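Enquirer: The structure is given below, and queries will be raised subsequently.
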């Protein structure tokens, strides 16, 4: 495994893996982001409150995050290919069983739990295997793969709206589930590089057989297990602060796509125009990711400062969005929100790597997703409760904006803590450097 990390292909078949991950991103997260089109249909069918209906999305988001550490562990034990194919089957099962629409509990278990687990088992290994295949071009490869979420969301808005109008929301769920079976095809294309590289490192080593080889085997395997299951990161203040930021951000991120469609309906905007809002959201999200990723690579601004800036801009756009009173103004404010959301997504994982360091990044990502799930689980129902109490969808956007402002505060605290530790380490190292300014004279005195 060490050989793989030190000398990945950095191209070649890796681009096939990138394209496969691109499609997986689209068939998982893009479906989740455009599920708001089903919100009103399901709410009216079961005659439930907005807070009750929003639990479907909450369960999906929570399981998506909770399943991330499990998916990572399964990738180590088996292969990325196996886990992605399993995820595709689970995602299809969730949508296909949701077709029956027996009651709200049934929807929680199918389009909520099963769909969330399928997304987690597909998304997590797809992101991971791209990083294994690339080193120098890793940022570019990850950017292209993650862009699948935006590209598919751009087309899924009008497509899902058309499916609902033609086949009803139940028929649309069944068709979407069939489309998600293509995740299995993408998984099959993800050649298990890890096992082959592990074998190669053992074959090429010059260590003689016997105890030396056994010792090398343990050295090769143990770091991966340590990275995957290192729960002790929760004791590090820097990680805890960033995890709190993740919880608050997750409480807000999934609210706007969920209530954007109902808000447009309340303004009297036609359904066809409403679907285009989700396409606009996806398009500017795509542009924000590319632009911010390019700017971050210039290293002009510290990534955590850039993240705090983008979070502030998102909260501002969310506070302004409820002021819209027609399609044009709503489309403009939606565009601002989507663009700044894209900039945030482009760098927030990079900031996590800066906080914990690359040796601990794998376990940090799994733990971060696990802890952040609480925010995704609580956020939509809380916003739905506020909407029910106020009787206005605008209040959900105010809640999301205020929560993001609070999350930015923890980024500021984290940055101050990092700066303080950096200054402390410099002070401790200065005496060591000044004790022996002339090593040769010190040796002469000893002689």
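Backbone N, Cα and C define each Cβ position, glycine as well.
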Enquirer: Looking at 395-414, 415-434, which one is transmembrane segment according to TrEMBL?
Expert: 395-414
Enquirer: Checking feature assignment: transmembrane segment per TrEMBL, candidates 55-76, 209-230. Which range matches?
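Expert: That would be 55-76, the stretch labelled transmembrane segment in TrEMBL.
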Enquirer: How about the transmembrane segment (395-414) and the transmembrane segment (239-261): do they have 3 or more C-beta pairs under 8 A, pairs 6 or more apart in sequence?
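Expert: Contact between the transmembrane segment (395-414) and the transmembrane segment (239-261): present.
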Enquirer: Looking at the transmembrane segment (273-292) and the transmembrane segment (330-352), are there 3+ C-beta pairs under 8 A, with each pair at least 6 apart in sequence?
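Expert: Result for the transmembrane segment (273-292) with the transmembrane segment (330-352) is yes.
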Enquirer: Output the single range from 83-106, 140-160, 239-261, 304-324 maximising the number of Cβ pairs under 8 Å to the transmembrane segment (172-190).
Expert: 83-106
Enquirer: Should the transmembrane segment (239-261) and the transmembrane segment (140-160) be scored as in contact, given a threshold of at least 3 Cβ pairs under 8 Å and pairs 6 or more apart?
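Expert: In this chain the transmembrane segment (239-261) does not contact the transmembrane segment (140-160) - fewer than 3 Cβ pairs sit under 8 Å.
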